[in-house]
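The domain 'CARD' annotation in TrEMBL covers 1-90. Annotated domain 'Caspase family p20' per TrEMBL: 157-289, in sequence order. Taken from TrEMBL, the feature active site applies to H235, C285. Taken from TrEMBL, the feature region 'Disordered' applies to 293-318. Per TrEMBL, domain 'Caspase family p10' is recorded for 329-412.
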Amino acid sequence: MEEQQRRALRRGRARLVAGLRVEPLWDPLERRGIFTRTMLEELQSAGSRGDQARQLIIDLETRGKQAFPVFLSILRDTGQADLADMLIQQCESPLAPPQLLDLRPVELELRGEKQRKSQCFGQTAAWEVAAGIPLAMGNSLLTGTCPCQVYELKADPCGHCLILNNVNFSRDSDLSTRVGSDIDCEKLERRFKALHFNVLARRDLKAQEMVLELQKLARRDHSTLDCCIVVILSHGCQTSHIQFPGGIYGTDGKPIPIEKIVNYFNGSNCPSLRGKPKLFFIQACGGEERDRGFLVDSNSPEDEAPGGSLASDATPFRAPSGNVDEPDAIACLPTPSDILVSYSTFPGFVSWREASGSWYVETLDSVLERYARSEDLLNMLLRVANAVSAKGRYKQIPGCFNFLRKKFFFMCD
């Protein structure tokens, strides 16, 4: 899709959400190859007519070169020519000149403490691994030091924390019981309550029930709160994706893409969380690959081989059916600022779990308990990655996609 066409959809989104009649669009959108039946069912499950219209416009940007002209044609065929004309006008409107940004550092005080100083990092996203070396888009490291920016947490509780804990799966899903997940859930429930979050834990939800819980949280008024956390404990898999890799299974064996989960909370869909940190912690496999690691010189003791109770949350990769995005398809949302997605394992690899809980959650809980009063979140996640990577015969390394603009410190007593 051409840039001016994407821009037209974004400029016209408010009017489209307010007035678009979506019901007559479904059949022609499928018949003309813009969306598959599965995609349309997901769109129809988005909620109200307005919610369906909003998600349709967002997803339309990813559907390739013919999506925009075909959409205009379908609008005219369904008696919505006024909206088609509006989009054409938006497409022909000149682009406003960019505004200059003041990029001078801002000095902030953190709850009366001495200002913490550290190297400032650029705002580009990257997969943060234990060594801090990005494998994706690359961080922009600025030399020298300056007063760092910090997210302010003033409210108490400072935000909502939703934990979705799937343990038992239907027989026809071919997914095993996730022994130890209840221990993970209890640990994180206690931990985030201690960190001044309002915690709600839900157990054994089907995919659509998970979606409804996430949408319910995203639609809440967060205007008096400072943060939001989503924790998902379940089986996982690889999925085709644009932004965030991986998928999560409901207890019925149906997958939900992680990027779909994250997008419920972006600035477009959850206005009351704009500019506020949104943190996602995912304990699930990114695929079925097992990593045996490689030999390094180390002063640390030899790792123990995993016991017989060791299990993974992996399921095989399932290739998408039907149409796929055109090569020129782009991310379907505005820049996902103030979002961090922490994964228990690298994309494509399994995530190990024992009867006493998962490696990732056990380590995350321990690190938060010890360092939350003194260190920012990214530094703590590096500690988690380093500790987990040293475990067991099979290897696992947690990581994150980081779109936070500032340092994040939890509120501690």
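Just so you know, the numbers here start at 1 and follow the chain as drawn.
From the backbone N, Cα and C atoms, a Cβ is placed for every residue, glycine too.
Because TrEMBL annotations are produced automatically, they should be read as predictions rather than curated entries.
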Report the DSSP secondary-structure composition of the domain 'CARD' (1-90) as helix, strand and coil residue counts.
66 helix, 0 strand, 24 coil
How many neighbouring Cβ atoms, not counting its own, are there within 10 Å of the Cβ of H235 (active site)?
25
Considering every residue in the domain 'CARD' (1-90), what is the mean pLDDT value?
88
Per DSSP, what is the residue count of the domain 'Caspase family p20' (157-289) in each of helix, strand and coil?
38 helix, 36 strand, 59 coil
